[in-house]
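**Q** I'd like to ask you about the structure that follows.
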Amino acid sequence: MSATQHTGRSALRPATARRARGARPAIAVTVGEPAGIGPELAIRAAWARRAEVNCVLLGDAAFLAMTASYIDPAIKLSALSLQAVRHGGLPHFGPERVTVIDVPLAAHVVPGKLDKENGRSVLATLDAAIEGVGAGWFEAVVTAPLQKSTINDAGVPFSGHTEYFAERTGTPQVVMMLAGQPAAPSGAPTPPPLRVALATTHLPLKDVAAALSRDGLARVLDIIDHDLRGKFGIAAPRILVCGLNPHAGEGGYLGREEIDIIAPAIAAAQARGIDARGPYPADTLFQPKYLQDADCVLAMYHDQGLPVLKYATFGHGVNITLGLPLIRTSVDHGTALDLAAQGLGLADGGSMDAALDTAVAMANASLHLNQEQT
Ligand SMILES: NC(=O)C1=CN([C@@H]2O[C@H](COP(=O)(O)OP(=O)(O)OC[C@H]3O[C@@H](n4cnc5c(N)ncnc54)[C@H](O)[C@@H]3O)[C@@H](O)[C@H]2O)C=CC1
Ligand SMILES: NCC(=O)COP(=O)(O)O
């Protein structure tokens, strides 16, 4: 069964097929928590890539104009209201300026200081991005980091973009996957890209075991296989699956999830033609000799997989939501309030650049696929 059958897509129709020949892809970039490093990194990436990519920033226009003027007075932004775009569509400005769709903040921004008054505005940027993909304004969405606690403090239960995009697009199951290029040890050949997908996303550790089920894992494996083929051009993805418990349960003496849940889900995936293997002990799986032939590692929970990925690739990793009816990528880091409080120019923009490049590559792959099919 394909991921499409499993996930029951919403009516959301991405705009990819409608890019004019030679036109720059239009990508929505939500600027994230205003008191964090997101707005600066989003402006820098959009301005640096403007010749090739029409990045449309979603955030408070006056705040972004002020931030841009501090980064570099040469940066030119053009602001539009969401209402204007709804009525007239996204205008085709040239690469001399970066378009901003104004999503006003409620409160004045103090860098490094969270203000729950602004939580709902941050969420509104995500809604505008999703609306814009459905309306054909954007081919993909790149999200700068937001502060999950501030959205909750604003009174909206929120665990992450991943879950929010799933809910807002009517997608019952998505998969968080982070990807990056590990550095080669000196003199050694470049290792393959490291991709780490998660069976569960933002869950308290005490709830992880209960959240694992054969059917759930089977759907996760389907989505990874489907999207690595369709969105990453990998013909026969090989997925290595971690156990949950130390030593993958030590034959049942250190936990039974491997025997009762994970191994049967892998066997079921294999029966559907998916090259999934495991469960393997997570502490020894992340070695070059295993990873060199793997396209993705499926970890059972957030802090089993992501510390390894971030250790190997922090600063240029990309977070991709698989299984959505739209392309969504993000950075591998958070809001870095400590840096934002100290001023501009301190945050590394490598991950934001990589998130944008990955979104464009995925949009191009999707465009080619659509052209082949028509
Ligand atoms: N995609 C998203 O929206 C994400 C949001 N977050 C959120 O960010 C908030 C803060 O999370 P933390 O765990 O403190 O992680 P964090 O990534 O914001 O900060 C951890 C450390 O890394 C440094 N750092 C982060 N990004 C950096 C960059 N681009 N350049 C240089 N140094 C950088 C920070 O200065 C800090 O020392 C939380 O609310 C979390 O939920 C975290 C990850 C992703
Ligand atoms: N550690 C990854 C993370 O927290 C990003 O979550 P999301 O907001 O992209 O769902």
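Quick reminder: no glycine exception, Cβ is built from N, Cα and C everywhere.
Caution: TrEMBL annotation is automatic and unverified by curators.
Quick paste of what TrEMBL says about this protein:
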| type | residues | note |
| --- | --- | --- |
| BINDING | His161, Thr162, Lys310, Asn319, Arg328 | substrate binding site |
| BINDING | His202, His247, His302 | divalent metal cation binding site |
| REGION | 1-23 | region 'Disordered' |
**Q** Using Cα coordinates, what distance in whole Å links His302 (divalent metal cation binding site) and Lys310 (substrate binding site)?
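**A** Just about 12 Å between their Cα atoms.
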**Q** So which of the binding-site residues is most packed in, judged by how many other Cβ atoms lie within 10 Å of its Cβ, out of His202, His302, Lys310, Arg328?
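**A** Most Cβ neighbours within 10 Å: Arg328.
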**Q** Just checking: which of the binding-site residues Thr162, His247, Lys310, Asn319, Arg328 have a C-beta under 6 Å from ligand 2?
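**A** Cβ < 6 Å from ligand 2, in sequence order: Thr162, Asn319.
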**Q** Quick one: what's DSSP say for Lys310 (substrate binding site), helix, strand or coil?
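**A** The three-state answer is helix.
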**Q** Sort out the sequence-distant neighbours of His161 (substrate binding site) for me: same chain, 6+ apart, CB within less than 8 Å of its CB, listed by position.
**A** Leu126, Thr143, Leu146, Thr321, Arg328, Ser330
**Q** Do any residues at least six apart in sequence from Asn319 (substrate binding site), in the same chain, have a Cβ closer than 8 Å to its Cβ, and if so which, in order?
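**A** Spatial neighbours, sequence-distant, of Asn319 (substrate binding site): Met176, Met177, Leu178, Thr329, Ser330, Val331, Asp332, Ala355.
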**Q** Round to the nearest Å and give the CA-to-CA distance linking Lys310 (substrate binding site) with His202 (divalent metal cation binding site).
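**A** Between the Cα atoms of Lys310 (substrate binding site) and His202 (divalent metal cation binding site), the distance comes to 17 Å.
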**Q** Restricting to the chain of Thr162 (substrate binding site) and a gap of 6 or more, list residues whose Cβ falls under 8 Å of its Cβ, or answer none.
**A** Val174, Met176, Thr201, His202, Thr321
**Q** Which residues does His247 (divalent metal cation binding site) neighbour through Cβ under 8 Å, counting only same-chain ones at least six apart?
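**A** Same-chain residues close to His247 (divalent metal cation binding site) (Cβ under 8 Å, separated by 6 or more) are Leu254, Pro281, Asp283.
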**Q** According to DSSP, collapsed to three classes, what secondary structure does His202 (divalent metal cation binding site) have?
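**A** DSSP assigns His202 (divalent metal cation binding site) to coil.
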**Q** DSSP secondary structure for Arg328 (substrate binding site), reduced to helix/strand/coil, please.
**A** strand
**Q** Whole number in angstrom, please: the longest C-alpha to C-alpha distance across His161, Thr162, Lys310, Asn319, Arg328 for substrate.
**A** 19
